[in-house]
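Asks: Okay, here's the structure, questions in a sec.
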Amino acid sequence: MSIEFVAQSKLPTPWGVFTMVGFDDTATGKEHVALVCGDVTGAEPVLARMHSECLTGDALFSLRCDCGFQLQEALRRISEEGRGVLFYLRQEGRGIGLLNKIKAYHLQDGGADTVEANEQLGFAADMRDYSICLPMMRHLGVESVRLMTNNPRKVKALELAGVPVAERVPLQVGKNRHNEHYLQTKMGKLGHMMQEEHFKTDDAS
Ligand SMILES: Nc1nc2c(ncn2[C@@H]2O[C@H](COP(=O)(O)OP(=O)(O)OP(=O)(O)O)[C@@H](O)[C@H]2O)c(=O)[nH]1
Ligand SMILES: [Zn+2]
């Protein structure tokens, strides 16, 4: 197995103090982390988020997508529940990398949607590989998850990778005028399940 545990430490956040567990994927050189809250071992399914890296949304305040809002909401909910894990997966741009994502955004500035842009660059719409998740879960003693996602294909891909998903928990936050079209494309072309009435009214504008 190419996932190796390297180190862990405390990580204080606005929502509480998590334990940050760092892993090295020796096959790709990617460094993944899990933010753990409470005792996540045992048979009771664990509230979890498998969050794919989005530098622009998670760290640079981008309103082009909903990633940063989902990241914060997931940490808040895990903290509120007192038990859960956020896996931060270094699969930037649905697996095509940051610089290719910028190229895809450039094509989207010219009118392509998120799927067409990937395809024009010679990539599939979603290049992510979830086989890294199970070894990290096993290290933490997580047996099954209540997965926060709007993406049923992610649920299927995780199950195919051996991850027991006990439940899908919707995570609809962060809709704004800049990402409306992007969210529509995710629903229309990528199978995401989102309902207008489930968006919080205080989302970014
Ligand atoms: N290639 C590409 N990647 C994008 C684009 N917008 C966001 N991303 C990446 O998409 C990933 C997040 O995927 P989403 O489809 O938004 O969400 P998801 O994780 O599959 O589904 P949820 O669990 O519901 O959030 C992150 O890696 C982002 O960097 C885009 O326009 N093009
Ligand atoms: Zn994003």
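Using N, Cα and C of the backbone, Cβ positions are placed for all residues, glycine too.
Keep in mind that TrEMBL annotations are predicted by a computer and have not been checked by a curator.
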Asks: Among T41, T114, which residue does TrEMBL name as a further GTP binder in the site formed by R49, M50, H51, S52, E53, Q70, E92, G93, R94, T149, K154?
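Replies: Matched candidate out of T41, T114, per TrEMBL for GTP with R49, M50, H51, S52, E53, Q70, E92, G93, R94, T149, K154: T114.
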Asks: In whole Å, note down how far the CA of R94 (GTP binding site) lies from the CA of R128 (active site, nucleophile).
Replies: 6
Asks: Which recorded positions from the set R49, C54, D126, R128 come near ligand 1, judged by a Cβ under 6 Å from any of its atoms?
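Replies: So the answer is C54.
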Asks: Out of C65, C67, D126, point to the one nearest E53 (GTP binding site) in space (Cα versus Cα); all of them are recorded positions in the record.
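Replies: Minimum Cα distance from E53 (GTP binding site) across C65, C67, D126 lands on C67.
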Asks: Any idea what DSSP makes of C65 (Zn(2+) binding site), helix, strand or coil?
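Replies: Note: C65 (Zn(2+) binding site) is coil by DSSP, not helix or strand.
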